[in-house]
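Structure first, then comments.
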Amino acid sequence: MKNLRMIMNAFVLIVCSYLFWETFQFNTNFNAQGLGPAFFPRATLLCIAFLNIVEIVSAFKSKQPQEQHSIMSKQLLLFITAILCFVGLFNSLPFLLVAIVTLFLMSLILKLKLVSSLVFSVTISLAVYLIFTQGFNIIL
């Protein structure tokens, strides 16, 4: 499991590096002032890369018992399946429906309480939907 964590984090770090390099391809107007369109993707990618480096270091130093690995592997597999289903259904079903169901399933995977999982899923999905549709004028 330790090797799997390090391999996955190294893969994410490579993807972050590639995407960071791609942000230099954005068209920018040299006369315009401000942060530009590449600032937020770069900042986000740097945060993800930093957290991955921290995770690699913690994975290198960790000494977890073996019986936890099968439980963690099962949860990780279920999480990845839920995310892939979310991505696959994103364009075919309404965002709110897919987001609420996905967040609810992820909460159940983590074995959180049923009512709090449902409230969390609906609240976060509605907040993201309203921020994008009303705030940014982006239809999800």
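In case you wondered, yes, glycine gets a Cβ from its N, Cα and C as well.
According to TrEMBL, the protein has these features:
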- 7-140: domain 'DUF1468' (DOMAIN)
- 35-54: transmembrane segment (TRANSMEM)
- 75-108: transmembrane segment (TRANSMEM)
- 114-132: transmembrane segment (TRANSMEM)
Notebook entry, point to check: What same-chain residues lie close to the transmembrane segment (35-54): Cβ under 8 Å, and 6 or more beyond its ends?
Noted result: 9, 12-13, 16-17, 19-20, 23-24, 26-28
Next item on the list: Write out how many residues of the domain 'DUF1468' (7-140) are helix, how many strand and how many coil, based on DSSP.
Entry: 102 helix, 0 strand, 32 coil
Next item on the list: Restricting attention to the domain 'DUF1468' (7-140), give the mean pLDDT.
Entry: 83
